[in-house]
Amino acid sequence: MILMKDIIREGHPTLRAKSKEVQFPLSEEDRKLSEDLLEYVINSQNDEMIEKYDLRPGVGIAAPQVNVPKRIFALHFDENSGENLSLIAINPKIVSHSVEKAYLSAGEGCLSVDRPIPGYVPRYARVTVKAFDIEGKEYKMRLKGLPAIAFQHELDHLNGIMFFDHINPKNPFAEIDNAIAIDRASGE
Ligand code: SB7
Ligand code: NI
């Protein structure tokens, strides 16, 4: 299982690399990695598992964060987040997006960043996405709210982009044009 010691941190070159597309059928290794990523995000939202394994909560995790530069990530939102979504996304893409933007009013955090970085991270408010599941079946869905933001955060990881790259360096809390604020702790 994935533990915090397996997660690479800011400064590691893999976090700045463009991850590679995954081939189907999935190798045993890629299948295991996909399942481990999903297991991490599920465990990281369970108080007993957090305590037992010293996990840091996260709604998502991407393969490059465990130093594997492949286009795979997992997201998990349990019922008490008001969402109910659990997915593995392989070779994901955004096929269309709203003009309207959205940002978390508390900003974003990242399992690969050990310091708080204040500021608004502009994202698309709504995205229509496509990805493949572990069986190689393509799916398409429309996301809004925190899941839309998290999907974009994870997709960025596959392209070597960190959340703070999007923060206005002069004024981290500058108003974002045509954006809605989402009041939710931080994605953790
Ligand atoms: C805030 C945090 C996340 C997504 C969107 C907003 C995920 C945090 C965990 N990760 O570092 C995943 O890459
Ligand atoms: Ni992250």
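Every residue, even glycine, has its Cβ placed from backbone N, Cα and C.
As recorded in TrEMBL:
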BINDING   Cys110, His153, His157  Fe cation binding site
ACT_SITE  Glu154  active site
Chain-mates of Cys110, His153, His157 with C-beta within 8 Å of site centroid, Fe cation: Gly60, Ala62, Gln65, Glu108, Leu111, Ser112, Glu154, Asp156, Met162, Phe163
In the chain carrying the residue listed as 'active site', residues 6 or more apart in sequence that have Cβ under 8 angstroms from it: Gly60, Ile61, Ala62, Phe73, Leu75, Ala89, Pro92
Cys110 (Fe cation binding site) CB neighbourhood, other CB atoms within 10 A: 26
Residues satisfying Cβ distance under 8 Å from His157 (Fe cation binding site), sequence separation of at least 6: Leu15, Ser19, Ala62, Pro64, Gln65, Phe73
